[in-house]
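Engineer: According to TrEMBL, the feature transmembrane segment maps to 9-29, 41-64, 76-95, 164-186, 207-225, 231-248, 260-277, 289-308, 317-342.
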Amino acid sequence: MMKFTKQNFFFLVAGMIIYVVDIGVDFWVASRYFCQGQYSWSILILCFRCLSSLITQIFSYEWFKNDWEGTDTGKQKLIFLVHLFQCGIFIRYWFALKYGCQVAFKQTSSRDASEADPSKLIQKQTIDAVTDINMLRVFKTFLKTTPQLFLQIYILMEHGKTHFYQYAAIIMSFCGISLSMVDYQISLRKSLPDKDEFHVLSKFTYLFYKLLTITSWILSIALITLLSVRISVILLIFLWICGFTWTLKQQTTFCKSKKMEYLYRTVVGIILIFSFFNIKGRRTRGCISIYYATHTVVTLGILLVYIFRTPSIIKEICFTIVSILTISSLVLGIIFLVVYYWCFHPTTYLRPQACSDEVDGVAGQKNRVKTGRFQNFLMQ
């Protein structure tokens with residue numbers, strides 16, 4: 001297992017700051033739209049925020065409940081109340097910062113220390129705690145941040161008028177997606193055995209692969225939404241059905257209960273609308289090729305529909321800029337994807353494990369085993 005370093009600690013602090021600022025920006029942007037009479041935009045932003053918060057709190061509480069099973073019921077009730085008031089993520093940040101500070105600044109463990117050594121145990125508890133936060137942030141990214149980025153880009157393209165708060169929302173969305181993607185891969189490398197260290201070059205390659213492909217797809221969806229909101233909604237629902245069906249076929253085993261497993265599959269279906277998600281830790285060269293080939297075909301199809309349905313739009317500078325950005329980001333994103341999988345992607349895959357193992361990263365309730373939840377939650 002890799003060490004939790006001072007750099008990781010500062011990234012964790014930055015993630016918490018961005019999380020808090022993002023909440024403030026959401027309410028600020030929603031209030032601005034409301035004051036301007038754009039009630040539908042304001043409600044959509046708040047809906048994205050509430051939906052992502054509700055689902056992440058449900059998963060966070062479920063993980064706490066599984067890890068604290070058999071412990072003091074008073075603590076469990078307190079944890080339930082904290083999550084009921086949508087503050088569960090801050091409890092997780094508190095645990096992660098507490099143990100991360102001990103590991104990064106106070107302890108120096110020997111390479112020859114045994115697994116039972118206290119410093120080793122705290123090291124693992126820290127990495128587990130951060131891993132859980134990053135899994136929840138992946139949920140938030142695709143339930144709130146990415147849809148909001150799409151909404152803001154669509155509003156800019158539809159009305160052409162820009163305001164500072166719109167740029168603030170877009171910048172925060174890009175920051176949230178970027179930090180979430182990179183931190184997730186860092187947690188992946190630290191939490192699972194036989195994974196290579198995530199170096200600077202591999203971080204940037206992975207980041208550009210994700211950001212560029214997601215940006216291209218969001219621009220494509222925004223274009224089809226401008227053409228017809230109904231067609232856009234039908235397309236998104238169809239893509240979600242395809243993603244959800246694929247998770248059913250994969251027979252995921254991420255959660256203990258069937259209800260939570262179906263909720264997890266529903267969320268994965270939403271994630272698959274925007275980015276590829278490896279949910280079984282198996283080789284996925286064929287699946288990822290089909291996924292991005294489909295995105296390419298749909299993107300080109302949307303641009304062709306515009307050209308043949310409204311030929312006059314070709315002369316508009318806005319359409320030209322958006323088309324160039326869409327195609328260039330898609331091409332560059334796929335290039336970074338190929339480079340990442342060719343040069344930096346870990347080649348060792350784990351056998352699927354039962355999700356009943358003790359896994360969650362909360363302050364030393366039980367000794368951890370090597371298998372865990374993260375092995376059933378792999379986005380690559």
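The backbone N, Cα and C atoms fix where each Cβ goes, and this holds for glycine too.
Any idea what these are sitting next to in the structure?
Structural biologist: Outside the transmembrane segment (41-64) by six or more residues, the chain places 23, 26-27, 29-31, 33-34, 76, 79-80, 83-84, 86, 88-89, 92, 132, 135-136, 139-140, 143-145, 147-148, 151, 155, 255, 257, 260, 263-264, 267, 359-360, 362, 373 with a CB less than 8 A from a CB of the stretch.
Under 8 Å from some Cβ of the transmembrane segment (164-186) lie the Cβ atoms of residues 8, 11, 14-15, 18, 21-22, 25-26, 28-29, 32, 130, 134-135, 137-138, 140-141, 145-146, 148-149, 152-153, 155-156, 198, 203, 206-207, 210-211, 214, 379, all in the same chain and six or more residues away from its ends.
Residues 221, 224-225, 265-266, 268-273, 279, 298 of the same chain sit 6 or more residues outside the transmembrane segment (231-248) yet have a Cβ under 8 Å from a Cβ within it.
Nonlocal intrachain contacts for the transmembrane segment (317-342), taken as residues 6+ away from its ends with a CB within less than 8 angstroms of a stretch CB, comprise 157, 160, 202, 205-206, 208-217, 219-220, 222-223, 285, 288, 292, 295-296, 299, 303, 306.
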Engineer: Compare 76-95, 207-225, 289-308 by their Cβ pairs under 8 Å to the transmembrane segment (260-277) and return the stretch that comes out on top.
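Structural biologist: By Cβ pairs under 8 Å, 207-225 leads among 76-95, 207-225, 289-308.
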